[in-house]
């Protein structure tokens, strides 16, 4: 599996670094600066006369420069020539040469870009028209040459501009060289025409030379000869090439046989990266020539007769080339600096300096390739030109000197975020400008100074490079540009990310056609980067097929076909890096069936089978399975014959006689078996006697007087010929000498009658057919039939080992009385009764044990102690059982008793418990007494000290005293015989506890007896009896507090409650781990039923206390101070106004002398306290009960639920129909306001102050 790591960020960082280091000084375009040429045409400009001439010249500067041109050293007035157009804002010229002679515009052009700060010059651009002249007319005489003679054909094309590309052609071949060289000419090389073509690239025209006819004569061919050079001539020649160009060296040699050409540089080696050989090594080309390529090159031509050498002396000249071009300078006033123009070439170039296009004056200090600029002043900005030339070319460079004072300016955009991958370079840009040139300093996280030391590198242009960024380098960076005029800073941040890694790569898969395959590709990446997963097949995108299912971390290919094979690559891409991994898919299938089955080398017992393997389907064949069909005996049934390795295509097969064979072959690879091949030709072998006899010969009697002989017959394939029969032989072993025999046909058994009972016989069965008998058969031993045994075992004896085990001995019966194969002895036994005489006797079922083989003793386990047993024995063969032996009786001794039949705790007292028990069901002996052990169990289920009591056999009741009240005790009781104590029966019980006045606890739960060993194996026991003690309940405002005593171990304890006499469901609250609980949110004035219950998830028993009742105290109605309510003030004003009106009316009537009876006054003028009430229900017409529960200021509600008077004796009782102030269940007032106040003096509610309407309303809810 291939794995490719690509780091995009690292590569980008390196490119960015190079561009910063090599770029020239950039001045912001908003600052004054001299012109700079940004684009110009090449020095040698060859134009096509069918197109316009475009001479480019672009420049920048502040202010934007103006442009002018010179041609052939003189000013070129562009405006005077209508055919010449200069682009606006640019110096680019477009010359329209249509309809004009293009030669008129040939010459040397140079562009000048100038502004008030200086003048920049372009290169001198040599403009020439491309030329493709016609071939001069010539007549080429036919050339006749003898076979074997070498020949050179010369092309000599016309001179063009640029020079043409030459190639030759005949009717079938193309040659790309100036000269064509034929060696060892033969008759078949005769051609009518060889034509040279010259292709002129600028005009895209091809000129054709007149055909050259060559005739090869076959008479008197030349013989072999040594090599000789046809080109170049002589033993040495010279070649000059310019630096940077391509050197082409050519050697053409003649000779017979054709010589081979080799090249060697004397005193050096050929550079493999730049050296190429063409035309059967005849041409050596070296690209991008440098001074090291100069020297002597030896060309060697070699054939079997010898070799010849030619030396070409190569010299390398050089047009001027830059060593260090002058760079722009930004100088502050009074600074000193220099411009350097370092060039090289061969011959050494001459250097000339110009300023603004004018030769430099003598007042400026020039030292060869350097101009010294001393103490520059404002206004002396200029563009300097350096011109270096020799006979092979020239170089021209512009470098401006801008004199200005400028505070630092950071050109890099602020707050940039740089993201790189761990272990890759990070480059933080800090491009700046200022005059004097600012110094750059860097800080990390606003406080740590970054110095130019590992791992940091601060470049000349201010950029900060981190060679191998690590997560600790992440943070905020500040670059500060400083000069004497000020400073400016810029903030950037660096984030170093974790690399993207493919953790689980796709693995090689081999899958069967039609199945599905999964390629996994699990990626780990930086949490802040989101990768995208791309899958490729054979380096291209997946085909648009719905069978390809791409998920986040896998590729599934369903229903695989043969075309799916290939290499699959998963690529995890982020914006910074990527990782990829590949795996190969091989699509396999079962092989195609073999073909072309052929039978050779036939004999009676062997044959050779040959076949052609089918397609393996990408899984090598591991083996070939050869099958045969027996058309004579089992037509249609194919049988596996043999299997040969997959590398074989032939097999030597062993055959059987009298079989009509047909063969087929199946190929097997890792996937499975192929389909069977077509059947081979058929082949019938000759008959022969049987090669084998029947197998599995046996003799077994089915009756006491017969012997049944059976065998497995031969198949038709095994018969080896027609007329298959079997000859059966038998005789009584060690008695008869002669064999009895019989021939059997079409059967596999024979019955011999009149035999003795169970005697051995020697038996053999031989196969034979029409061609002879088979091999001599093997003799096997069989037995005639069995009968039931005649005798019973004698002298049966019993030895009792203990109360549950006895050993039985007997005398084996004589062998002859068994009358069959002895299987063993069968012992029958039964418990007759117990020896203690007190237990009730039941009919005991007879049991038996079988002892296999010829035994004379056996062990009889599992007996009951203190019992009487009887037994007898029979002998056993495969036919049945013999007669029984005489019955023998024996007794077992006493054993330990069973557990007591019951154990009960009765009459529990505060400090005593009475125990009652029953005797064991099975004593297994004479009972001697009882043993009682008991111990207390505390609330954490831990056992206390053990105490012991012993009792006589007739004692079954005992009272334990001096016990602690409310304590759980655990009891262990066992019965005892002379053999020791029996198993325990256990019980648990609580002593009585003091019952409080609250709800009674539940009665103790009775636990059934548990039989356990004397020493308990546990340290904690589950509690038995009541788990709850006293339960108390007390009421609080809006709730109730419940407390209880708890002795249980249950995990879940709940408090349940419900409104008394309510049919609603009980509410439950979990109260684990506590003995008290506060129920909140109960309705005031309501009585609730409360109980506590406990249960476990595994134990379905629920322990529950009796219910207790608790009444939640009523809460008095909340009063509202209506004296400050707006509606009440309005109402009082209305009443006052009404009273005033009534008084006025009364006053008027009184003045008129009218009568005003007192009764009428009382009827018309009610008590002002009850004036605003309605007549129908006695309530206020405007009163709203929305503020029922807001208490009046200064009111208090005691915890006992009563309302206490503070400063006023007025109450609702004074104004109601009754004096009880009853409340309903929700705490609201039951009584109605009557509109009339009655006071009974005997109730003690008299007041010296008459109640006012305000007081009445303040008391009303």
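First residue shown is number 1, and so on along the chain.
The backbone N, Cα and C atoms fix where each Cβ goes, and this holds for glycine too.
All annotation found in TrEMBL is predicted automatically rather than curated by experts.
Your range for region 'Disordered', going by TrEMBL and the list 673-697, 698-722, 723-747, 748-772, is 673-697.
Counting residues per DSSP class in helix, strand and coil order gives 4 helix, 47 strand, 37 coil for the domain 'Ig-like' (35-122). Among residues of the same chain six or more beyond the compositional bias 'Polar residues' (673-683), those with a C-beta under 8 A of the stretch's C-beta atoms are 590-595, 597-599, 602, 607, 609, 611, 614, 625, 627, 629, 631, 638, 655, 660-667. Sequence-distant residue pairs (6 or more apart) of the domain 'Fibronectin type-III' (899-995) and the domain 'Fibronectin type-III' (693-787) include fewer than 3 whose Cβ atoms are under 8 Å, leaving the two stretches without contact. Here the domain 'Fibronectin type-III' (1022-1115) has, by DSSP, the following mix of helix, strand and coil residues: 0 helix, 49 strand, 45 coil. DSSP labels the residues of the domain 'Ig-like' (227-315) in these numbers: 3 helix, 54 strand, 32 coil. In the predicted structure, the domain 'Fibronectin type-III' (693-787) carries a mean pLDDT of 92.
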